[in-house]
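One structure is given here, and the rest of the page talks about it.
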């Protein structure tokens with residue numbers, strides 16, 4: 001009787017262990033479903049979600065750092081046609097994107113808003129004050145180079161030079177130009193202005209579309225490029241993407257700074273303050289010449305300047321900058337080739353310091369760290385009627401400044417992120433594995449003991 005009870009107990013223990021193991025196995029897909037549901041719910045842009053709190057106002061501080069290209073030989077360039085020599089000066093740092101979105105309006109699974117612009121100088125993060133003076137290309141002269149003859153006569157009548165010396169503050173945010181008789185500057189006007197309005201998907205009806213830009217400035221596509229493909233607005237604003245990121249697929253985003261959509265591809269997996277992130281960088285063909293990437297043909301607006309559209313790493317955005325000859329480039333792309341480096345001396349681009357990247361947390365799709373590196377250039381060329389351009393031998397895309405807009409998750413936010421998301425995920429995973437492990441152990445132990453006991457008390461059989 002005791003033997004029977006022992007065997008029954010061991011058998012019951014084995015069954016119990018099996019049930020625990022099965023429960024642990026069931027919890028794996030069930031737990032994953034719970035996690036997925038929770039993440040998707042919190043990723044929707046609506047009042048009260050984690051996504052909304054991070055979307056309506058940037059959690060991490062965003063800074064724009066500027067490095068100017070100070071021209072050391074302006075007289076020799078104008079009088080003798082010498083090769084320009086520049087020295088990089090910076091950073092001059094400003095805090096940006098510190099204002100929450102305005103005019104936020106929800107309608108039918110979409111939200112419309114304005115992005116207010118502002119910049120606050122950060123002396124402790126800069127090499128000098130805003131009043132530091134830099135010698136750069138004369139923005140007004142370059143700005144009217146391709147304009148009508150009446151404006152060209154302005155250059156001659158006002159005796160304007162090809163280069164000018166102005167303060168950092170003036171060059172960035174504006175100064176009164178005596179030739180044009182208006183305020184001009186690289187980013188003028190900026191403070192007190194807005195980007196947008198934007199209309200984006202909240203993701204409530206389809207989480208795969210969360211943050212996707214549906215329209216900008218009231219239009220579903222751009223009007224800057226003479227092509228349907230180039231005028232497409234694709235993806236989000238890069239601050240976040242749909243949850244459960246597949247690193248095998250590129251991420252698409254629209255940047256109003258460069259007036260076009262771009263894509264980034266997975267490069268590596270990194271650890272950011274204890275959080276696993278995917279590093280994405282711009283795809284190599286983003287600003288490739290059309291003979292390398294035919295999709296970029298519609299971005300080539302002036303074959304004469306771009307060597308019959310064979311120049312890589314440069315984007316003519318004059319069509320969205322009031323027809324000023326402004327060219328945006330990725331620093332290490334444009335002046336990475338020896339022939340272009342020879343046109344302006346003193347440049348030393350490197351992917352480490354000039355690459356644009358995003359570090360995206362793959363479960364939520366939130367961008368937790370980024371660096372957007374853009375170089376601002378202006379174009380000028382030879383002229384028989386403008387005295388300051390008579391010695392210029394060829395069209396020159398001249399570097400003015402390059403900027404690094406960057407933000408990173410701070411330790412406090414990282415701890416909160418890990419506590420609210422990963423602690424729950426890890427707890428559930430531990431529970432799943434514990435039930436599975438304990439259940440299998442109990443089952444194996446009890447079943448083994450049951451077999452041993454049964455063998456001991458069974459009559460032997462001999463042949």
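Including glycine, each Cβ sits where the backbone N, Cα and C put it.
A TrEMBL annotation is a machine prediction, not a hand-curated record.
Of the candidate ranges 406-429, 430-453, TrEMBL annotates residues 430-453 with the feature transmembrane segment.
Less than 8 angstroms from the CB of residue 298 (disulfide bond) sit 225, 226, 227, 229, 230, each of them six or more residues away in the same chain. One residue stands out among the disulfide-bonded residues 259, 300, 309 for having the most other Cβ atoms within 10 Å of its Cβ: 259. Distance from the CA of residue 309 (disulfide bond) to the CA of residue 320 (disulfide bond) is 19 Å.
In this structure the C-alpha atoms belonging to residue 300 (disulfide bond) and residue 259 (disulfide bond) are separated by 14 Å.
Here the C-alpha separation of residue 309 (disulfide bond) and residue 259 (disulfide bond) works out to 19 Å.
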